[in-house]
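The feature transmembrane segment is assigned by TrEMBL to 46-64, 76-98, 132-151, 163-180, 192-214, 234-254, 266-289, 317-343, 364-382, 394-412, 424-444, 450-470.
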Amino acid sequence: MFRKAAVPTVSNGSYLQGQANGKLSSMDSRQPAREGKVVLKKKVTLLRGISIIIGTIIGAGIFISPKGILKNTGSVGMSLTVWTVCGILSLFGALCYAELGTCIKKSGGHYTYILEAFGPLPAFVRVWVELLIIRPAATAVISLAFGRYILEPFFMQCEIPELAIKLITAVGITLVMVLNSTSVSWSARIQMFLTFCKLVAILIIIVPGVIQLIKGETQHFKNAFAGNDASIMGLPLAFYSGMYAYSGWFYLNFVTEEVENPEKNIPLAICISMIIVTVGYVLTNVAYFTTISAGELLLSKAVAVTFAERLMGDFSLAVPVFVALSCFGSMNGGVFAVSRMFFVASREGHLPEILSMIHVRKHTPLPAVIVLHPLTMIMLFNGDLYSLLNFLSFARWLFIGLVVAGLIYLRYKRPDMPRPFKVPLFIPALFSFTCLFMVALSLYSDPVNTGIGFAITLTGIPAYYLFIVWDNKPKWFRKLLGK
């Protein structure tokens, strides 16, 4: 395979940093920035790293509609089992990314690890799908939940107008983009505050649930595994729902170059975050079932609101506000992290050169943040967002499985690579097998949507040869690409 990098690259774990004029040069991460350089500074501490992971994982799903797992598993006991297993599997995946993040000290997450292990073509396909579809659609979906629930207290007696939801959503998206373009420190501080709000919101549900258990409200747990049997068709969809609820554990790896002492802080932040989220998710679902039956949960549009109305009376008005703050935190964390993937891909010559430029005074990857804004707005006002996410949810897990398989491959391809943090080999083997098995089952259980997603992903291959490999591009075409 052939790749034209816009700049020279370094393959020994060092990374590249922008200069004041937007050009790039190779620079080892252990060397101080020379005078005149404009770099992404190391401002992500352990606490900020934890807030990025928790704040991005915990979105609207756990508060609004965990019924996807219940619907596809058929019983209370099986749904709680899937929530627990998905948490453990996510922890395994996160530990694999912790090893990759400590031995390959480059930002970019999935893209960087696929590039290091398997070369430029699959790496380009990954960033191509992320830029055009996955990230704009995912941001639009979570921001729509933000818009709906921030308006909920003002429309208690009537339906919220769709136009009002989209307009307030557009304001929220713009605010997130401005925040991430203006200051890394302020973006991180707000993320920490929103993470605190999310944990408070979960405790508001867990504590009354524990009180209900103490009172003996366990009727919905009797014969917990009785009900509709989980089918081979339903289980992969249940695991998709569960893994989607936990997705976000990989976002700290997108900003590796900005993490203080990454050898120590990346594994610590990942382990602490995943334990907190898994325990919180399982206990939140247990709390729901102390008050709401399985049938009622399947009928509820917003489980947390239904739960709060039954136990908290007027205080239930606070729940939509906490859900909105939770969604805003997920938007902020996702944009903060994924913009670094585009920054790194541009640095490697796989995206237009302007996306690798850093603001001279603010030290933020301004173009890489802003590029998401128009694409997200198009998705928000014109796209069938949920269909797009269904098409491409398989692509996310296909590439994550490929990344973790790459970890195993790198163990043999580059055995002398320094590995400050190393996981037992069975963990990446089990996790990559699970991801690829889910993808294979989804082809069987939902061949239409999965097939469409597969076709969209494959468009990255001709795009790679058109934009990267083709030498004799017209002059106007090269200017468009920033070459």
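Each residue, glycine too, has its Cβ placed from N, Cα and C.
Annotations in TrEMBL come from automatic prediction, not curation.
Highest Cβ contact count with the transmembrane segment (192-214) among the listed stretches 46-64, 132-151, 234-254, 364-382, 450-470 falls to 46-64 (criterion: pairs under 8 Å). Nonlocal intrachain contacts for the transmembrane segment (76-98), taken as residues 6+ away from its ends with a CB within less than 8 angstroms of a stretch CB, comprise 66, 69-70, 109, 220-221, 224-225, 227, 230, 238-239, 242-243, 245-247, 249-250, 253, 266-267, 270-271, 273-275, 277-278, 281-282, 285-286, 289, 294, 400, 403-404, 407, 421, 423, 427-428, 430-431, 434-435.
The largest share of C-beta pairs under 8 angstroms with the transmembrane segment (46-64) comes from 317-343, of the ranges 132-151, 234-254, 317-343.
Same-chain residues lying 6+ beyond the ends of the transmembrane segment (132-151) with a Cβ under 8 Å from its Cβ atoms: 59-60, 64, 160, 164-169, 172-173, 176, 320-321, 323-324, 327-328, 330-331, 334-335, 338, 372, 375-376, 378-380, 383, 385-386, 388-389, 391-392, 395-396, 456. Counted over residue pairs 6 or more apart, the CB atoms of the transmembrane segment (394-412) and the transmembrane segment (450-470) come under 8 Å in at least three pairs, which marks the two as touching.
Counting only same-chain residues 6+ beyond the ends of the transmembrane segment (317-343), those with a CB under 8 A from a CB of the stretch are 40, 52, 55-60, 63-64, 107-112, 127, 130-131, 135, 138-139, 142-143, 145-146, 149-150, 152-153, 156, 172-173, 176-177, 179-180, 187-188, 190-191, 194-195, 197-198, 200-201, 204, 248, 251-252, 254-255, 257-258, 302, 304-305, 308, 351, 355-356, 365, 368-369, 371-372. Panel annotation: around the transmembrane segment (424-444), residues 89, 92-93, 95-96, 232-233, 235-237, 239-240, 243, 393-394, 397-398, 400-402, 404-405, 407-408, 411, 450-451 of the same chain, lying at least six beyond its termini, place a Cβ under 8 Å from a Cβ of the stretch. Within its own chain, the transmembrane segment (364-382) is flanked in space by residues 40, 131-132, 135-137, 139-140, 143-144, 166, 169-170, 173-174, 177, 180-184, 335, 338-340, 342-343, 346, 354-358, 388, which lie at least six positions past its ends and keep a Cβ under 8 Å from the stretch.
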